[in-house]
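Novice: My questions all concern the structure below.
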């Protein structure tokens, strides 16, 4: 498999430091507000990436953090709790972390290897800062804040392809009080009255954002690890500063081999923002559409390119999901009608879609092409395999079904394919009754059963004397 590496600006062969073990870190949310569809795009992509690595035989250790203390959280607590914010601020991240797990469950995102929180790792962060100060890469400001000195790190700007001189020119003419350079960033922020704080050798306060991710990722994955990911908006300054910190601490050029970034999501051509009032939350979308439809909608755009979000796209994805389920449901039933041996090369044609599907994912995770191959296989199953299933053996038909499900599992769709046994047995009995009525030419009664089943979300499709059915998933 080949993947684009932001650090080198090239599509590279994916290899890992430890054979068959892929260790990765994706920057998680700052839990101060509802998750939006931009968040969903990032985490669905890395879920598909993780699923594909597992299909290739890797054990995947994916770590996703929660930045559960931040200025935004403090401000939200003040808005909600007023003078009690100092006591109740933890309620804010707890609420939105719970929402994160609800939304990712509804998006069929597999659980991460670990979910570290900043507040549970402050002691480790203080130790890191002490080491950086001792090595001369960080300095203590008069108010007790600690800053990382960017000028001490060679090749700063390597990830974002920016030169330090140009960055300084684009920054403020005068650095903030306590800073030696406008580009220097906080490793430790001194306490402000009314805000949460932790003890440190320098002053009461809390850690800085860029430090947090380096400490938590390497704590769980070691250094160097295989891939580090997030949204494209994190390339600078966040990921650039992570690299600088790790270079100073470990003395290595890069503490992650591949840097993988997901493109922006836009609404009516503009990036989502509160100021524009165009934020679309995951809760809003998932109240109207299935998680699988949203996964397909995301996958229809290449992860590195901007994605325009529309409800028309979601409806298209919903229709596609319905077709995928129809192919699965009906081929599952058609196994009983398969022949004893293969008389036509129907299966070989079906399995060509699988080759193209995996070829697309091997080529920098080209999910738009992979989606089209899965959808193409579904249509081929419906248009050809079901009509001529008696021309292939049961083993061959089962091989087609298994390969189809395997492909769907990589994209995280067909997750609702299991139907309660009682419901399936009841539907099967009604379908058999309808088949007898058709043989007896009692078409009015047969149509009545079809109609009633449709009202219950069961669609019947006749293939000559055979009838297969599909369920409408809620």
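Placement of Cβ uses the backbone N, Cα and C atoms for every residue, glycine included.
Computed from a predicted structure; not experimentally measured.
The Zn(2+) binding site annotation in Swiss-Prot covers 27, 213, 238, 242. Sequence annotations record features per position, and here Swiss-Prot assigns ATP binding site to 274 based on sequence analysis. For 29-39, the entry in Swiss-Prot reads motif ''HIGH' region'. Look at Swiss-Prot and you will find 271-275 tagged as motif ''KMSKS' region'.
Let's see these features in context: how buried, what's close, how far.
Specialist: When other Cβ atoms within 10 Å of the Cβ of residue 213 (Zn(2+) binding site) are tallied across all protein chains shown, the result is 27.
According to DSSP, residue 274 (ATP binding site) is assigned to coil rather than to any helix or strand.
The motif ''HIGH' region' (29-39): residue composition by secondary structure is 3 helix, 1 strand, 7 coil, according to DSSP.
Distant neighbours of the motif ''KMSKS' region' (271-275): 36-38, 264-265; these residues of the same chain sit at least 6 beyond its ends, with a Cβ under 8 Å from one of its Cβ atoms.
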Novice: Near the Zn(2+) site, what residues other than 27, 213, 238, 242 in the same chain have a C-beta no further than 8 Å from the centroid of the listed C-beta atoms?
Specialist: 209, 210, 212, 214, 228, 230, 234, 239, 241
Novice: Let me check the 10 A CB neighbour count of residue 242 (Zn(2+) binding site). How many other CB atoms are there?
Specialist: 27
Novice: Taking every residue in the motif ''KMSKS' region' (271-275), what is their average pLDDT?
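Specialist: Taking every residue in the motif ''KMSKS' region' (271-275) and averaging pLDDT yields 78.
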Novice: Tell me which of the binding-site residues 238, 274 sits in the most Cβ-dense spot, judged by other Cβ atoms within 10 Å.
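Specialist: The residue with the most neighbouring Cβ atoms within 10 Å is 238.
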Novice: Long-range neighbours only, meaning 6 or more apart in sequence with Cβ under 8 Å: which ones does residue 27 (Zn(2+) binding site) have?
Specialist: 64, 65, 213, 229, 230, 231, 234, 238
Novice: Could you round the CA separation between residue 274 (ATP binding site) and residue 242 (Zn(2+) binding site) to a whole angstrom and send it over?
Specialist: 27
